[in-house]
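> Can you read through this structure? Questions will come right after.
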Amino acid sequence: MRPLILLAALLWLQGFLAEDDACSSLEGSPDRQGGGPLLSVNVSSHGKSTSLFLSWVAAELGGFDYALSLRSVNSSGSPEGQQLQAHTNESGFEFHGLVPGSRYQLKLTVLRPCWQNVTITLTARTAPTVVRGLQLHSAGSPARLEASWSDAPGDQDSYQLLLYHLESQTLACNVSVSPDTLSYSFGDLLPGTQYVLEVITWAGSLHAKTSILQWTEPVPPDHLALRALGTSSLQAFWNSSEGATSFHLMLTDLLGGTNTTAVIRQGVSTHTFLHLSPGTPHELKICASAGPHQIWGPSATEWTYPSYPSDLVLTPLRNELWASWKAGLGARDGYVLKLSGPMESTSTLGPEECNAVFPGPLPPGHYTLQLKVLAGPYDAWVEGSTWLAESAALPREVPGARLWLDGLEASKQPGRRALLYSDDAPGSLGNISVPSGATHVIFCGLVPGAHYRVDIASSTGDISQSISGYTSPLPPQSLEVISRSSPSDLTIAWGPAPGQLEGYKVTWHQDGSQRSPGDLVDLGPDTLSLTLKSLVPGSCYTVSAWAWAGNLDSDSQKIHSCTRPAPPTNLSLGFAHQPAALKASWYHPPGGRDAFHLRLYRLRPLTLESEKVLPREAQNFSWAQLTAGCEFQVQLSTLWGSERSSSANATGWTPPSAPTLVNVTSDAPTQLQVSWAHVPGGRSRYQVTLYQESTRTATSIMGPKEDGTSFLGLTPGTKYKVEVISWAGPLYTAAANVSAWTYPLIPNELLVSMQAGSAVVNLAWPSGPLGQGACHAQLSDAGHLSWEQPLKLGQELFMLRDLTPGHTISMSVRCRAGPLQASTHLVVLSVEPGPVEDVLCHPEATYLALNWTMPAGDVDVCLVVVERLVPGGGTHFVFQVNTSGDALLLPNLMPTTSYRLSLTVLGRNSRWSRAVSLVCSTSAEAWHPPELAEPPQVELGTGMGVTVMRGMFGKDDGQIQWYGIIATINMTLAQPSREAINYTWYDHYYRGCESFLALLFPNPFYPEPWAGPRSWTVPVGTEDCDNTQEICNGRLKSGFQYRFSVVAFSRLNTPETILAFSAFSEPRASISLAIIPLTVMLGAVVGSIVIVCAVLCLLRWRCLKGPRSEKDGFSKELMPYNLWRTHRPIPIHSFRQSYEAKSAHAHQTFFQEFEELKEVGKDQPRLEAEHPDNIIKNRYPHVLPYDHSRVRLTQLPGEPHSDYINANFIPGYSHTQEIIATQGPLKKTLEDFWRLVWEQQVHVIIMLTVGMENGRVLCEHYWPANSTPVTHGHITIHLLAEEPEDEWTRREFQLQHGTEQKQRRVKQLQFTTWPDHSVPEAPSSLLAFVELVQEQVQATQGKGPILVHCSAGVGRTGTFVALLRLLRQLEEEKVADVFNTVYILRLHRPLMIQTLSQYIFLHSCLLNKILEGPPDSSDSGPISVMDFAQACAKRAANANAGFLKEYKLLKQAIKDGTGSLLPPPDYNQNSIVSRRHSQEQFALVEECPEDSMLEASLFPGGPSGCDHVVLTGSAGPKELWEMVWEHDAHVLVSLGLPDTKEKPPDIWPVEMQPIVTDMVTVHRVSESNTTTGWPSTLFRVIHGESGKERQVQCLQFPCSESGCELPANTLLTFLDAVGQCCFRGKSKKPGTLLSHSSKNTNQLGTFLAMEQLLQQAGTERTVDVFNVALKQSQACGLMTPTLEQYIYLYNCLNSALLNGLPRAGKWPAPC
């Protein structure tokens, strides 16, 4: 401190002196103001708690000195203590050695001359220091931590303690303490968790902090268990521990002192210690660890199992036993030896012992030794056994048995010796001297029971005598009784006698018996046991056994034993009723006895009921008051001394108690429910028996716990008696009988067929017996019974007549039997009002006058609906009106238009009647044919062909009904006279008339939904008319010139038919045979001969080959060779291509085929049909059945022509008479019609017409109109059911033949939406009807043919029959032979398939069926316009899953079908068949081009759309404009503008610079906008060679950005503009459209596809996106759409359909 003060003083003094000098130098100068600007001063500690650093910035230039002073400040803010001073000329100064955290006052003085000093006073504080000695340790609790620290040097205001959970970084505690606090305890912490503690020292706003980490202690497990798993493994278990991150296990071997440790992760609560020492105690300790903490938990002690000793051997030694073994692994506490046998002994040995001696003398016998090893609480033991024989007990000094042989001859000869031999040994066994005079010889130490020979030899070696004998055998060992299996048997056994023997002998004697011992039994040497039989039960016997060898016996062994007493015999247990008790009886057993032991058990549950000891004389015993219905068992045994015999058993029952509260109820006509209540006691089962009139009907056995049962299949309405019996074993007790009735049977369904005024009620009764009961049908009106009628049980049908039409009543059937009655549910009969009758339509040009008769009944109004028929078979709603009258005028209609009128009556019960529909056409306004039409064209040939042109009589020629050809030989007539139509060929040929009507035929241009021909050529003079005076196209007179005129007959329903004539044609000469060249005639003759020979050879070959199958019997044999050769069957995979090819050029190929078929079969005889008696039976005079195939009815007596009906057998696919085709019945042929049905066993009738159309009756109503049957001849027809649907009606009839007394059911299927001479609206409806027909035919049991009819039985009938046959052919042969099928049909019935439209429609149906594919294929294909939005939504579902699936099919089809337009096999077409024409493709290069290559493709547009030529690649002006001219293009579309960076293309002419090529010259005419605002350029193209000109409209549409599709509205608007351009001009056929794109082929593909799809939608009302995309992709791979573009086609088309097609839906216009 002193140096600082001194330094400060020196600095001050120096400054003072300097200031004085300065002030001296300023004397005489002006005074300056005192003070000056302040300094900018900054104070900091520079990170040091004992320093303060001052820095400043002077406000004035120039060097000044600075004086600084520093003093500490107390808590009240007053300076105190020693002042520190300093002086400097720098801009900063640092004070050292200050107190941390203390406040100081600083003064900074700027020393300026003349004492104008400036002083600044500041207060600052030094930074505090951190605490010292910070510690954080456990406080003895898992949830607490204790923190402690020492004071921080210097001053401070407080300490802040922040405790964080380290893992989650969450704050656990935040507390501030005073500076005097030096410790803190944290509680409620998580055990086993690491925390960080921050201690912050605060001094004002300054702070210093330090931190420390620490863990809380974990919670050790409170339970530990140790379990032995074997000799070397222990398993430890413990419960969970809170906060432990791991567990330390220490297992201590308490014998060896070794430790085994393991560290277990958290979450595991078990561990197995392996490879331990067997038989060793172990102590386990567990420690829970968390961080540095290890907390020991409980301990456990357990032993391992001891290991087993091995090689235990028990050896007999004389009269003692010796045991030895090998010790097992590991440790043990000792051994326990337990010897059992004739003598028992237990001893213990130390753990180190391995042998033991059991000292003798031990009695002989079988001994077993159990050696048990002990280790703690566990042991392990093994056993060994051996036999101890008596020989082992012989004294050691006895060497063996002794042989004593007598019979030695006495001799005094010295030196004699006795030589001993054995039978088993080859040499001498002994050699002893024989004393003189000895008479016996003795050998010792021999084998007992053995045979020996002794030779007596002299001193010279001579044998003087040989003697032999046996040693005495030893007795058998261990004689004992081993079994007493029967009271009269004892089984004894013994051990083999030592040595040798020849056998054993056994004898026995009963104690107390005066008889001698029993029979002696001699046994072989190997027998060691014997069963003594037929002994007296309950008696004691002494048994002796010994061994023998030779004549010697061993000592006998004796044993004393007793037989067991015999059990009592014939024990029985039964129930005695007088008195009521359970009684046991028995007979005395043989043998001895002292008493009887008697026990009685109840078996369920097993309970001892009684136990008695009865005297030996007792033979029965009884028990009273036992539980009823229980099974008991008695056990009886004989007592004799301490012995007890086996038990004799017998069972018996106590009778059960009868059930109570028996109740019988009926819930159904064939059921009875029986219930009862249990009574106390037991039972084994219940038996419930059902009786009907004392006859047992059924029996049911129930379990003892059941309290009810049901009887099924009973007779309804019948009284029954029920008996319930409770059984207990063989005993039973019956309850009182109970009687009950079953409910009467009622119909389970009432089927009501309603007609106006009556109802047929069919009662469906349940199957089975009807039973008894009385039934009534009841009608109620407004809840009151109004009518009742008795019914018979099982009655199936009854009629309700005179019901009020339009009224509602309720009906039920009620039946009663005994006290029970049942009723069906109420059936509400809402009687349908009858239909209107006598409907008459009076047509006019602009209105229809309608009259009818209202039906009787409770009716209200009549609803009249008017619909206009539109082309294609559809209708357009016009209006509807309700009226209560019977006449109505329908105004404001269109002339010559067909309307469908539907009249429906509304009853007051809100029921509508059956609609009566009729088609009525307004009449035409006055038809004004030309006065004289242009003459027809005549074609020359062997005959003459007159060509009739469509429109030759004006645009209203659709009103023409018939055309006629008038021929004349008058060369001066300008036009025919009206009288000419009255003359025929007969008048001309035989009577000399110049002009005559040669031919009359219906209008071939009748409007159809399919395209018709533009001209019709008919041959004249082709028929051989003989003498017929009718209109006949007879041969013309040779050598005459003829002129021809066409006459038209109107279709007006006026009294006088309007006629129109054409001018006569130029004269043409008829060709006579006389002028035909000879070579031509000879060629014709030879050709005819060759054809005849070929046919004869073919027939001969068929005869040799044998008959064909029925299926092919009518295929080709009657067909001209050239037709069969030309028209082959079409394979299924090629059918679509064939169809599209035949559809080209206005169905020209179809027309040619149909023309070829017109004359088929016409020359076949029809004599029976033309007979005068039968003419009136034909509906149309030109539709007559051929004789060879007509159906013949049974001829009626006296009526030779009654077998005729206008019907033919038609061969089906598999049978020659599979189908009958007939006309719709006339009133006069109704009886014949039903005779046909009955005699031919027809079960299915197909009706393809309505009864009336356009006011014309097409077919009589030949079935009952309601439930009232009708009779025709002997056949009565009942209408059983009628089910009308949208497009067909199903009916079922019952036919009853009056004379044959037989019944038969016939089903009728009527297709109601097929107009006469026309086709249905769509193939799908007819195909669905065919499937229904096939199902009904298969379900019909009858084998008769199918009957098909329409009106004439040829047009619609022929189409339907051909479709049936061809569908079978498709299924069986995978081909379709349409032409030959129709050919065969026409050979059997004329005019089968009557119109060209029907012929084409037949092909359409087959194509639709082919494209349907398998039933389980995908649902892509042609989609109806009405269903398109739903189809789009279905495909877009699940992230466009449907689109993705269909697009994959498209890619596969493109890959697989390189040349085929058929979709892949799993591709499915549904709904309406697409009629897109085949694509004709040509290319300028062989492969699909890149952008620099050129390719052109042609897409024909069909009859109503324009042809479309697509040009891709870089086309020059020559290629482009010459292609425009060659393809007669009138509209040119250019997609995409050229790149602005490239040179403008030179394919477009400019105003003053036309384009000139070798073929054409192209001029720009004008530029304008189309009506829709699209830029358009008009060009004039001049052909150089011919000079012809043509105007070409060019629309240029800029494409969108690359990779983006145009907005749907933009593309649709552009297509509309293109369509307007295509259809300009007078031609009905639009001009060709040529589209060109040099680069954007994808967008060109989208443009082309949308153009084709919109045309489909407009013309066909279906769209086929799949096939359109497939065709384009096969035409050019660059136009293959991406998945996004494919989805775009759907979305764009859906937008067009939802918002209306372009041009108000008239899309046939677009190209």
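Quick reminder: no glycine exception, Cβ is built from N, Cα and C everywhere.
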> Quick check on the record annotations: which of Asn570, Asn1266 is tagged N-linked glycosylation site by Swiss-Prot?
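Checked Swiss-Prot: the N-linked glycosylation site annotation sits on Asn570.
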> Out of Gln1241, Gln1294, Gln1394, Gln1430, which one does Swiss-Prot list together with Asp1316, Cys1350, Ser1351, Ala1352, Gly1353, Val1354, Gly1355, Arg1356 for substrate?
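Within the candidate list, Swiss-Prot flags Gln1394.
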> So what pLDDT does the topological domain 'Cytoplasmic' (1096-1711) average out to?
77
> Within 10 Å of the Cβ of Asn970 (N-linked glycosylation site), how many other Cβ atoms are there?
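I get 13 for this one.
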> When the Cα of Asn970 (N-linked glycosylation site) is compared with the Cα of each of the glycosylation sites Asn42, Asn89, Asn117, Asn620, which one is closest?
Asn42
> Look up Asn89 (N-linked glycosylation site) in the DSSP assignment and reduce it to helix, strand or coil.
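DSSP call for Asn89 (N-linked glycosylation site): coil, neither helix nor strand.
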> Measuring CB to CB from Asn431 (N-linked glycosylation site), give everything in the same chain under 8 Å that is also at least six residues away in sequence.
Arg417, Ala418, Leu419, Leu420
> Can you check what DSSP calls Asn620 (N-linked glycosylation site), collapsed to helix, strand or coil?
strand
> Determine, to the nearest whole angstrom, how far the Cα atom of Asn737 (N-linked glycosylation site) is from the Cα atom of Asn649 (N-linked glycosylation site).
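Taking the Cα atoms only, Asn737 (N-linked glycosylation site) lies 38 Å from Asn649 (N-linked glycosylation site).
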> Cβ atoms within 10 Å, counted per site: which of Asn42, Asn74, Asn89, Asn620, Cys1350 has the most, among these recorded positions?
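Answer returned by the neighbour count: Cys1350.
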> Looking at the glycosylation sites Asn42, Asn89, Asn259, Asn620, whose Cα is closest in space to that of Asn74 (N-linked glycosylation site)?
Asn42
> Asn259 (N-linked glycosylation site) to Asn174 (N-linked glycosylation site): how many Å between their Cα atoms?
46
> Based on DSSP, tally up the residues of the domain 'Fibronectin type-III 8' (655-749) by helix, strand and coil.
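So the domain 'Fibronectin type-III 8' (655-749) is made up of 0 helix, 55 strand, 40 coil.
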> How far is it from Asn174 (N-linked glycosylation site) to Asn42 (N-linked glycosylation site), counting Cα to Cα, in Å?
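Pair distance, Cα basis, whole Å: 34 Å.
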> Neighbour count, 10 Å Cβ-Cβ cut-off, for Asn117 (N-linked glycosylation site): what number do you get?
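Asn117 (N-linked glycosylation site) is surrounded by 19 other Cβ atoms within 10 Å.
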> Return only the integer: C-alpha distance in Å from Asn117 (N-linked glycosylation site) to Asn649 (N-linked glycosylation site).
140
> Do me a favour and check the Cα-Cα span between Asn42 (N-linked glycosylation site) and Asn89 (N-linked glycosylation site); whole Å is fine.
16
> Between Cys1350 (active site, phosphocysteine intermediate) and Asn882 (N-linked glycosylation site), how far is it from one CA atom to the other, in Å?
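About 33 Å separates the two Cα atoms.
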